[in-house]
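Features of the protein shown, as given by TrEMBL:
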type	residues	note
DOMAIN	A:139-512	domain 'Myotubularin phosphatase'
BINDING	A:288, A:289, A:351, A:352, A:353, A:354, A:355, A:356, A:357	substrate binding site
ACT_SITE	A:351	active site, phosphocysteine intermediate
C-alpha cells in the first residue's frame, strides 16, 4: 500500500494499490547536467509515481498511464538501464533503473497499461471521486450544448431545431438535436444527408444574431466527377435564404485543392459551383491529419534537442512546419469570422468527413465572433458543441486504446494552440488563462473523465454517461485558478480581428516545454496577480466580518 | 549658420498626414529649425503633431505634376506619409528635411533650445558623480580609491574625470598603465560584489602589438585586484583570432605569462557594422508579410543577444572579471551593465537602473553621437553606427520578461530610452564622451533626461507596478525557446502593440486597487 497525496487528484487518492515498486531509480534532468534525483518508482494500476528520496522535501512525480505515448528502453549505461517515457502532454522523463529485469517489467506493464485494448479498461471507469449518483448525473447536465442554440436566439424566423436525428438514424456521428433552416423540408434534409459523406449533412454551427450570418458545417458531397443531388442543392439554398442580409453564401472547403480533387476519383469531392446557385466556393488549404501528426513529431524532435544552438533550434522549428499549420487554421477561422461579421454572409464549411478541420475552423470562428466563448463556461460549451457532440473522434485521434496509429493526430491540440495565440494577441480579451487550456488538454488525454472518450455522441450515450464522471463540473469548481485577471468583459461582443502575419505565430513554450521549468519565465505575472487579488478578497472579507461584528457591539 | 537658410518653404496648407493608429488628416505643415509641425485646421482641440527632425532616418519623395508624397521613416521605426499639394512645395519641404535632419553641430541641436517650464538649467545635470557613487559604497573604501588622474582628460579622453581604482595603485602608475591601453582606457572598477568581494572591471585592449610589449604598471594594476590567491578572468569580447589580428595594428591581449592569476577567455560578441546591419535586417523582416517568427529570429540580432548572456555566465562564476574588446566603449559596457543588472538588486530599481546607464554608458564614454547617427531605415553609407545601446535594452527586456517582478522599471521606460537615444529633447545622449559634453556646454545648456524621468509624475509611468525587490541574482534561461521578439519595440506601430499597452494599463489599475487601503471601496476593474 502506498499512501500518497497528489494535489490535482488529491480528493480521492488516499490509498493507492501498488503493483510494483523499484528502489534506487534515477530520474535524469532533461536539460541541465544536474545530479540525477534518486528515488523509488511505484507502479500502480493507474499511475506511475516517482518519489524522490535523495532530497529532504518529499518530491513526487505522477504520470497517469494514459498520458504515456511512448516507452523506450535504451542500451545499458554505466549507471543502469535507461527507460525513456514521452507523454501526450509533452512531459518527457528519463529514468535509469538498476536492474534489467525490473526495467523489463516496468516497460511491459506500461505498454499494456497506457493503451488498453478496450475502452472499458480506461481510468474513467475506475475513477470515483466519492460523489453520489445524483451528483454524477447532474454533472453530466452541467454543460448542455443544445442550450447554446437558445442563447443564439433559436428557434427564430430563420432557424429551428429538428429531432430528425433523435435515434442517430440520419447521421450516426452527429448529435441528436440539429439546427437547420426553417424552410428546409424533411425530404430535403434526408436527401442532403444521403449525398454527404457518412450522412453528415449541413447543419448549424453558429448563428450570428447581429448580421443574421450563419456558420454551418457538413462533410464533403458525394459528387464524384459529375454527380449532383437536387435535395443537397435545395439544402444550401435554404441556408442561403435563411440570411436576408446576403445574396450569396460561401462554401469553404478547408482542404488543399489537390486533396479535394483526389477525392473526386473516389466518388467524393467538392461542390460544383455551377450546380449550386449563388455560392462562392473557396479552398483554404489546411493539411490532413497525417501531415499534422508528422509535423508535430518533428516539432517534438526539436524540443528534445539537448542544448541546441539558436540556429539549430530555429531551423528545426521552421522545418517542422508546425507554426505554418497553426497559421492555416487561424487564417481559415479569420476568413469565416470576417465573412459573417463584415460581409454579413453565411458560410458552409467542410473538409472530408467534417470532424477534424471543420471542427477546428468552426470553433475558432465562433471564438472570434462571440465573447461568450472567451469565457470559462463558454469554452466548455464550445468544446462540447463543436467537438464532442459533432463527432470529433477523440478515442482515435488521441489513441486512447490500442488501435491504428495512423488515426492519431493532434487536431484538438492545434485548436487549443490557436486559442492560445489569440490570448497572446489579446491579453485582456479572454476570461480564462493559459492554465485552463493546459488543464483541458491534460484531461483530453488523461481519460480520467468520460467526456473525451468515444468517437461520437451515440457511443457516449450508450455507456459513458452511466459509468463515468464529467470533467466540466470539476473544472468549474477550480475556476479560480483559470481566471485571467486582465480580462475586460467590456470588450463585449467585439469581433476579434487578429493579425495573422506569420511572425505572430510563436512556439508555445507553456505547452511543449511545460515540464521543463528551466525554460519558463522565472516569475509569473499571472500567479502574482492571482495571489494579490486573492489576498485582497480575503482582506475585504475580514474587514466586512469585523465591521459586522463591531456594528452589533456598538448598536 | 541660420536654420532659415535651409527652409525654402516654411508653410504648406492642405497637407494630408498619414500615420499609424490615426485616420489620414488634412492640415497645415510647418517646417522649423528642429521640428515638423502639423496642425489640423479643423480646429478640434487636438494638439498639433510635432516631429523632431532629428528623428527622421530616411526620406523618400515621389513628386508628380501637381503634388507629391513624402515618406518619412523615423529612427523610432515609425513610418509617416505626407501628401503635399504642389510639386515645388513638396521638393522644398523634402530638401529642408534632408538638410536639417542631418545637421551635425552639437550646439545647434534641439536640446540646446528645449526649455520646458518644469525644468531649470540650475538643476544638477546627471544623477550622480563618481565621487558620490564611491561615497555610498562604504564596503570598498579599504581596497579602492577615487583617482582624479584624468581630471583634465589628458590620460584618457573618453574617460570621466574621476574613476575608481585599487587603493595601492598611485596615479603615476595609472598614467603609465593608460599609455599601454587603447585610448588610455586603463582597467577601472565597475562593480563590487559584497557577498564574495569579487569585482567587475573594464578597460580597452592592451597595446602589446606585434612585439608582445609588456607594461609593468598595467600588470601591477591587475595584480592589485586579486591578492594572489584568487583567480580572475579576463573576458575578451573578440575571438582569439581577432585578438591575434589586432596585434598587427598595435593592439593585442594580455599574455598568460605576464598576468599571474588571470585567465583569459575569448567570447566573441558582434559589434559595429555587423550589429547595425542585423538591426536593419530585423526591422526589414518585421515589415515583411512572409517572414515566420523562426526566420525572423534567425537574424544575427538574436544571436547577439543570446551570446551576451553566454558571456555573462562567465562573469557569474564567482570570480573577479576584467572585460574588454578593442576600444572598450561598446561590448565591454554591454557586458558589465547586464552583469550588474543580474547581480545587483540596487541597479534594478528605476533610479538604480538610470544610475547604471549614466555610469556605464554616458560617463564611461560610449560614443552615442557616432553610434546613433542613423537607425534601421537610413540609406546613408554606414560609418560608426552600431545599435549597441538598443541591444542592451533588448537584453534587459528579455531579462525583465523572465523576471517580471524583479525590475523596478517598466517596458515603457525601455521604449522611451530606445527613442531618446536617437532623437531627444534632452542633452543626455549628445556627444561621444564626458569631455566633449563639457567642451560643448551640454551640462550647462541642456536638460538631463534621467533627472526628468525621475520627476514624480513621470516616475509612476515608468515604474513596474508588479515590482517586488529580490536580493537574489536573477539568472535568466538562455535556451533558445526562452528568447523572444521584442514586439513592444519592433512592432510598436502595429495594433499588436496597442493590445500590449492596454494590458499594461489593466495591470497597473489592478495592482493599485489591490494595494489600496481596505476601507476604501473597490471600483469596477474596468476603470
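Quick reminder: no glycine exception, Cβ is built from N, Cα and C everywhere.
Positions of TrEMBL features highlighted on the structure.
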residue: A:288; record: substrate binding site; contacts (Cβ under 8 Å, 6+ apart): A:255, A:259, A:352, A:356, A:357
residue: A:351; record: substrate binding site; contacts (Cβ under 8 Å, 6+ apart): A:219, A:220, A:253, A:254, A:255, A:286, A:357, A:358
residue: A:353; record: substrate binding site; contacts (Cβ under 8 Å, 6+ apart): A:197, A:198, A:200, A:219, A:220
residue: A:355; record: substrate binding site; contacts (Cβ under 8 Å, 6+ apart): A:173, A:200, A:219, A:390, A:391, A:392, A:393
Extra residues within 8 Å (Cβ to Cβ centroid of A:288, A:289, A:351, A:352, A:353, A:354, A:355, A:356, A:357), substrate: A:254, A:255, A:358
Cβ-Cβ neighbours of residue A:357 (substrate binding site) (radius 10 Å): 27
Confidence summary for the domain 'Myotubularin phosphatase' (A:139-512), mean pLDDT rounded: 93
For substrate: widest Cα to Cα gap among A:288, A:289, A:351, A:352, A:353, A:354, A:355, A:356, A:357 in Å: 12
